[in-house]
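Asks: Copying in the features that TrEMBL gives for the protein in this structure:
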- 6-26: transmembrane segment (TRANSMEM)
- 10-93: domain 'Prepilin peptidase A24 N-terminal' (DOMAIN)
- 99-118: transmembrane segment (TRANSMEM)
- 103-207: domain 'Prepilin type IV endopeptidase peptidase' (DOMAIN)
- 125-144: transmembrane segment (TRANSMEM)
- 150-169: transmembrane segment (TRANSMEM)
- 190-215: transmembrane segment (TRANSMEM)
- 221-248: transmembrane segment (TRANSMEM)
Amino acid sequence: MMFLAIYFFILGLIVGSFLNVVIYRLPEEKSIIKPPSHCPHCNTRLKVIDLIPVLSFLITGAKCRYCGASISWQYPFVELLTGIFFLAAYLNFGLTAEFFLMLLLLSALIVISVIDYKYMIIPNVITYSGILIGFISAIIFDYLSIFDSLLGIVIPALILLAVALIFKGGMGMGDVKLVAMLGAFLGYKYSLMSIFIGSLVGSVIGLSLMGLGVIDRKDRIPFGPFICLGAVIMIFFGEQLIDLYFAIFL
Ligand SMILES: [Zn+2]
């Protein structure tokens, strides 16, 4: 138990390091496998010692060992976050099929959040394959019914599509596909709750930033990371929140 917990935390750190590569290369349509990792500034090919998650960053003082260019906090942040998510998923789900599916989904959510935050896009290649994998998993495994997965693909997406068409701007087609992917993995209730939590947190943060004068009305805030945050909260605290939701509203 303890050994596996540490194992999945370290696996998460390593996967997080790979997710950084995906985040860096996917929007620029570069190959994810080739070439090997290199410094984006001086192009020096990185050695194994430069690629140890979090530690390399701390040891070199957030700088490239070869040219001294500073390295973004995004790298250790994504690594650590993936490690924590993997550990939390193991403690929450144990060694089940659902656990491995959640590792996949959580990884996708991290990549989507950072890419949407940086580029204001959500790559189709992730959401489309996510919808497919989520639905096929619902057929193979019994943690979610096929019907719930199917409704999950359709209902939240239609609702968000209607919202996107009525209130132009803010939300995009990427967000619509994102909630379809969430529904495929988690079912329609969890996907709807992710939208609900995401909107709530997003509005509070958006309005606060406007109040503080950090952004103004014209600035677009990507909605994707907030939906992803909502999904992460639902993955770990979904049952409790659904109970609470029905207790308050019904
Ligand atoms: Zn360099």
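Cβ atoms here come from the backbone N, Cα and C positions, even for glycine.
Source: prediction; values computed, not measured.
Let's see these features in context: how buried, what's close, how far.
Replies: Helix first, then strand, then coil: DSSP counts for the domain 'Prepilin type IV endopeptidase peptidase' (103-207) stand at 89 helix, 0 strand, 16 coil.
Away from its own ends, the transmembrane segment (125-144) comes close to residues 26, 96-98, 101, 104-105, 108, 111-112, 150, 152-153, 174, 177-178, 180-181, 183-187 of its chain (Cβ-Cβ under 8 Å, at least six residues beyond either end).
With a cut-off of 8 Å between Cβ atoms, the residues of this chain six or more beyond the transmembrane segment (150-169) that come close are 131, 134-135, 138, 175-177, 179-180, 182-188, 190-192, 195, 220.
Distant neighbours of the transmembrane segment (190-215): 152, 155-156, 159-160, 179-180, 182-183, 221, 223, 226-231, 233-235, 238, 241-242, 245; these residues of the same chain sit at least 6 beyond its ends, with a Cβ under 8 Å from one of its Cβ atoms.
Remote same-chain residues near the transmembrane segment (221-248) are listed as 85, 88-89, 92, 102, 105-106, 109-110, 112-114, 116-117, 120, 122, 170-172, 174-175, 178-179, 182, 186, 189-191, 193-199, 201-202, 205-206, 209, 215 (criterion: CB distance under 8 Å, separation of at least six residues from the stretch ends).
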Asks: Averaging the per-residue pLDDT over the domain 'Prepilin peptidase A24 N-terminal' (10-93), what integer do you get?
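Replies: A mean pLDDT of 91 is what the predicted model shows over the domain 'Prepilin peptidase A24 N-terminal' (10-93).
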Asks: Using a Cβ cut-off of under 8 Å, list the residues of the same chain at least 6 residues beyond the transmembrane segment (99-118) that approach it.
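Replies: Distal contacts: 15-16, 19, 22-23, 26-27, 74, 78, 81-82, 85-86, 89-90, 92-93, 126-127, 130, 133-134, 137, 141, 143, 174, 178, 181-182, 185-186, 222-225, 228-229, 231-232, 235.
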